[in-house]
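The domain 'Core-binding (CB)' feature in TrEMBL is assigned to 95-178. Taken from TrEMBL, the feature domain 'Tyr recombinase' covers 195-368.
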Amino acid sequence: MPLERNIKLSFATHRSKSVVRIDFAYDAELVAIVKQFDHASWSQTLGCWYVPKEQFDLHRFFDVFRGKAWLEYKALKTLSVKKVEPRPSFDYSYRKLVSLPDGYLEKLAQRRYSPSTVRTYEAYFKDYAYHFREYDLAQITEEEVNAYILELVQNGRISASQQNQRINAIKFYYEKVLDQERMRFSIDRPRKSQPLPRVLSKDEIKLIIGKSNNLKHRCILSLIYSAGLRRGELINLKLSDIHSDRGLIRIEAAKGKKDRYSLLSAGLIKHLRDYYKQYRPQYWLFEGPDPGQAYSASSIAKILKEACNKAGIRKHVTPHMLRHSFATHLLEQGVDLRYIQELLGHGSSKTTEIYTHVSKQHIEGIKNPLDEIFNDST
């Protein structure tokens, strides 16, 4: 391909999101190369290919197009960064002075709510109790509860997801603690956004694991990816949860209090055995600095960040993206969606179906109609 082929990169806005435009005169070979990028899409509106700004990696563009086309990227250097005003902070110091009604925490414990949910309900119900501190909470009407939530929404103090959590914390008191009839709200609950999961390519996974600091870190990241684990699930793995003879991992009391089994990579078993011989964990599969102490969630994020930096992956990568990548790669290998649902521990198939939207197997097989038009005109 001659180097007079030019590709111009510039910033644009598409569907209210920042993107990087990829403009070039039509060339079938260039189109094929652009399609190699996981997040590249064609926009009929812009009339060009584009990549979401947060997924754009200029260094990778240089690597892929080196010797094949000139990259004009001056417009990316001169981007004026708009200052983002920080969200206002609110004083919640009064929470220390507010007592919860009798039975609230006990009922949460009886129903085995997770510690994070208990903390959230406790904080949000204290806000509610403080607001109505001059009233008998048991006598508050639904109209008054609705007015309270509406005030928070209109003042911009809560996000959509927090609105739902606050409603749930209040409903729990009246419906579960006081055993009253189900509460009805005149305020519509916000629609839950459904962003597509961000995934890594297999090459990126290989780079990340290969650049991990030591055997223990490699085992941690490999296990999260190869079993599709949530961060909390990995932390709670015990030595007895590894069933190497069956090629399975047992995940106890996962999200939704459900037990399940997931895959244990045959290639990872040897590394896990070497890890055990070197570190000698006592109870938890992965322990912290002190013997018998479980590994921390923040440490997992830290070792992943370090591995990404060494691998030259500059986009923001989270441990949960390893889980998303596991599901997407299985789907691309032809694994039935029902099996993926079971491995991930999803209660509903609808949750798992979102991976069909990010699977390259399902997208790359579609012939773009514009390509047909250009081909017919040549």
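Residue positions begin at 1 at the first shown residue.
Using N, Cα and C of the backbone, Cβ positions are placed for all residues, glycine too.
As the structure is a computational prediction, the values presented were derived from the model and not from experiment.
Here the domain 'Core-binding (CB)' (95-178) is broken down by DSSP into helix, strand and coil counts: 61 helix, 0 strand, 23 coil. Restricting the average to the domain 'Core-binding (CB)' (95-178) gives a pLDDT of 89.
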